Amino acid sequence: MKELFPRKHVYGFISSLLLSIIALSLYYFDLTFQLSMSILLITAFFQAAIQLIVFMHAGETEDKKSIYITIYYGVFIALVTIFGTLLALIWGYY
Amino acid sequence: MDFLDRFAVPNPGPTIYASMVAIALTTIAIIIGLTYFKKWGYLWREWLTTVDHKRIGIMYLISAILMLFRGGVDAIMMRAQTAVPDNTLLGAQEYNEIFTTHGVVMIIFMAMAFIMALMNFVIPLQIGTRDVAFPRLNALSYWLYFAGAMLFNISFVVGGSPDSGWSSYFPLAGTDFSESVGTNYYMIALQISGIGTLITGINFITTILKMRAPGMSLMKMPMFTWSALITNLIIVFAFPVLTVALAMGTMDRLFATNFFTTENGGMDMLWANLFWVWGHPEVYILILPAFGIYSEIISTFARRNLYGYKSMVYSMIAISLLSFLVWVHHFFTMGQGALVNSIFSITTMAIAVPTGIKIFNWLFTLRKGSIVLTTPMLYSLGFIPIFTIGGVTGVMLGMASADYQYHNTMFLVAHFHLVIIPGVVFAMIAGLFYWWPKMFGFMLNERLGKWSFWFIAISVCLTFFPMFISGLDGQARRMYTYSESTGFGVWNMISFIGAIGLAIGFALIVYNIYYSVRYSPRNIPADPWNARSLEWATATPVPDYNFAILPEVKSTEAFWDSKIYGDKLFNKRIEPIHMPNNSGMPFIMGIIFFIWGFAFVFGLWILLVLSTIGIGICLALRSYEKDEGYYIPVDEIERVEKTGGKKK
C-alpha cells in the first residue's frame, strides 16, 4: 500500500497550494514593497521548481542531463538579461 | 475612396512607380507561365504542399537569392546616391526607406533564409536521418517566413516603406515621428517570420538531439551540425525577446500604449535595449552556421580532419553564452556611467577569444594539408583575412571610450559589413557551391565560380575599406547627402565603384547557375568532392527517404572512414520506410497569416478578427486530424536504389 501511494505528488500538490496561498496573502498584509517583492520572488522560484521537477517530470528520463542544462542555461540568460537591463537603464547612471 | 486612400504611398517617386510596374509584370508573367506550361498541379503537389526537408531547403534557397537581389538593388541605390556630393538622385525620405529595407531584407529575409536553406537541406542528411523531427511544422516555418517576407516587400508599393532604420529605434519609430504605416509593416512582418524562425529552432534542436544515426554521440557530430545545434539554441532563447519587443512596439503604435514613448512613464531606450538583447545573439545566429560550413569545407579541401574538434565545440558553446552578455555595446553612448560600459566592454573583448580559437583551428587544419583550390575553398580562404579585419575593427568599436568616436559613423558600417559579408555571405555562397551537386545533381562551373569569387572578394574590400577612412573623418551613417567641402566625395566614389563590382560578382553567380543548368555534365558521382561527412553517402539526387538503411556511425568522419578504412555504414536489411504525408495546411496558414498581417498593418479590424479565426480553425483542424503517414514498401525502395536515386 505504501508503494502505491503517490507521496511525492501529494506533497508536491500541497506545497504548491501552500506557496500560492502565501503569495496571495501578501495582498492582505501591509508589508513594505521590498519585503513583499522578496517573498513573491522566493515563492515563485520554489513554485517553478516544484512544477518542473514533480509535475513535468524533468528528472525522470535519460534526457535528464540535457533538460537540466537547458533549464540552467535559460535561467542564466533570463537573469543576465534582467539584471543587465536594470544596470544599463537604471542603476548605471551617476 | 477614403477607404482606399490609406493604401496610397505617402511619397511616390519614379523608383516606386517602377517597382509597381515590375511587381505587376512579374506576377502576370508567373501566372501566365504556370498556366501555359500546365504547371499549377505540379507546383501544388511537389512544392507548395511538400513537407520534405530537402524541398523546403530549396524553397528557402530560392527566396534567399531573390531577397539578396532585392537588398542588393537597395545597396546599389544608396551607393549611387552618395557617390558624389550634393547628389539629387534620391530624396531624403527615399534614402531613409531604402537603407531601412536594405538592412531588414538582408538580415532577416536573406541571411536567415540562406542559413535555413542550408540547415534544412544538409542537417538531416548529415546526421543520417530521414527528415526533421516535425516535418509539417518545418513547412509551416517556411510559409510563415515567406508570408513575413512578402508582407515586408509590398510595403514599398502599398502604404509606404518603413523608414526608421533596421533597428527602428523609438521615439523615431513611434507614431509622432513615423506617421505612415511603414513601421507597422516592420513590426508585423518581423513578428510573423520570427514565429517561423522560433518554430525552426525548436524543430532542429529536437531533430539533432533525438534523431541522430545509431552510434553518433554528440561528440561525433559533424561540425556543421554542431554549429546548427548551438545556433538553434540561441534562436530559442533570443527570439522571444524580439517577439515581446515587437508586440510592445505594435501596441505603442496601434493602441497608444506608452512602453517606448518619452512621456507617461515610457522609456524609449528600453526598445534599443530589448532590440539588442535579441540583436546581438542574432549576429551569432548568422555567423555560427557559417563557421560550421567553413569547418566542413576547409577539412574537405585540405584533405585533413578538422584540427581541434573539441575546442571548436567548446568555443561555440562559449560564444553562445557570451553572445547574451554583450548587447549594451550597441549603445555605449546612451549616457550610462563608466561602470556599465566597462562591464560590457570586457564581455565584448572576451567574445573575441573563442572566435580567435576557431580562426586558429582553421589555420592549423590548413597547415600541412594538401589544399585543393575549388570555388568553395577559395571563399573559405578569402573569408579568413577579410573577416579578421572586420573582427579586429569590431574590437576597436568594443572599447567603450573609443566608441564615442566611432559610434554612428561609416566606420561602424564598414566594420559590420566586413564581418557579415565574408562571415555570412561568403559562407552561404561557398555552401551553395559545395552542396549544389547534392541538391541538383550537377556541379556549378568552377571557372565562372572563381571569377565571381575574385570579383566579390576584391569589390568587398574596395567598397568598405574607404568607409573606415570617411568614418574616422566624421561621415555619419544614414546621411543621404553631404557637401563637397567635407572631402567625403572621393571615398564614397570608390565605394560606389566597389558596389558595382559586387553587383557584377553576384550577376556572375546567377549566370553561372544558368550556364551550369544548360551545359554542366549530369553523370557526376554521388561524392564529387571526395568529402568526409554522411550527406555524401546518399545517392544523387537524394531519394525522398534519404537513406534506404540508416547508417551506423563510429567516428566523427564516418563516411571518410568507410571510404578509407572500409567501415561498413549500412549493415541492416531494407525495411518498409515510414514517411509523412504532404499537406496544404502550412501554405494555407501562410496565406492567412499574410492577410492577418496586412489587416494589422492598416488596422482593418474586421479582417483581422476573421483571419485570426481562420488561424484558429487551421490549428483546431490539425489537432483533430488523424494523419498516420504512409509506408514505402521494400520492393519500391529496392527499385529506387537500383536506379541510383532516380524515381521510376
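Glycine is treated like the rest: Cβ placed from N, Cα and C.
In TrEMBL, annotation is done automatically, which means it is predicted and not curated.
Per TrEMBL, these features apply:
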type: DOMAIN; residues: B:38-554; note: domain 'Cytochrome oxidase subunit I profile'
type: TRANSMEM; residues: B:16-37; note: transmembrane segment
type: TRANSMEM; residues: B:58-78; note: transmembrane segment
type: TRANSMEM; residues: B:98-122; note: transmembrane segment
type: TRANSMEM; residues: B:142-161; note: transmembrane segment
type: TRANSMEM; residues: B:185-205; note: transmembrane segment
type: TRANSMEM; residues: B:269-291; note: transmembrane segment
type: TRANSMEM; residues: B:338-357; note: transmembrane segment
type: TRANSMEM; residues: B:378-400; note: transmembrane segment
type: TRANSMEM; residues: B:412-436; note: transmembrane segment
type: TRANSMEM; residues: B:448-469; note: transmembrane segment
type: TRANSMEM; residues: B:489-514; note: transmembrane segment
type: TRANSMEM; residues: B:587-610; note: transmembrane segment
With an 8 Å cut-off on Cβ pairs and a sequence gap of 6 or more, do the transmembrane segment (B:412-436) and the transmembrane segment (B:142-161) reach 3 or more such pairs? no
If you count every Cβ pair below 8 Å, which range out of B:16-37, B:58-78, B:269-291, B:448-469, B:587-610 shares the most with the transmembrane segment (B:185-205)? B:587-610
Can you tell me which recorded stretch out of B:58-78, B:98-122, B:269-291, B:378-400, B:489-514 has the most Cβ pairs within less than 8 Å of the transmembrane segment (B:142-161)? B:98-122
Residues sitting near the transmembrane segment (B:489-514): Cβ under 8 Å, six or more positions beyond its termini, same chain? 68-69, 72, 75-76, 79-80, 82-85, 429, 444-445, 448-449, 451-453, 455-456, 458-464, 466-467, 469-470, 473, 475, 482
By a Cβ-Cβ criterion of under 8 Å, what residues six or more beyond either terminus of the transmembrane segment (B:587-610) are in contact with it? 6-7, 48-49, 139-140, 142-144, 146-148, 150-151, 155, 159, 181, 184-185, 188-189, 191-192, 250, 254, 618
By Cβ distance under 8 Å, which residues at least 6 away from the ends of the transmembrane segment (B:58-78) in the same chain are close to it? 15, 47, 89-90, 95, 98-99, 101-102, 105-106, 109-111, 113-114, 116-118, 120-121, 142, 145-146, 149, 153, 428, 432, 439, 499-500, 502-503, 506
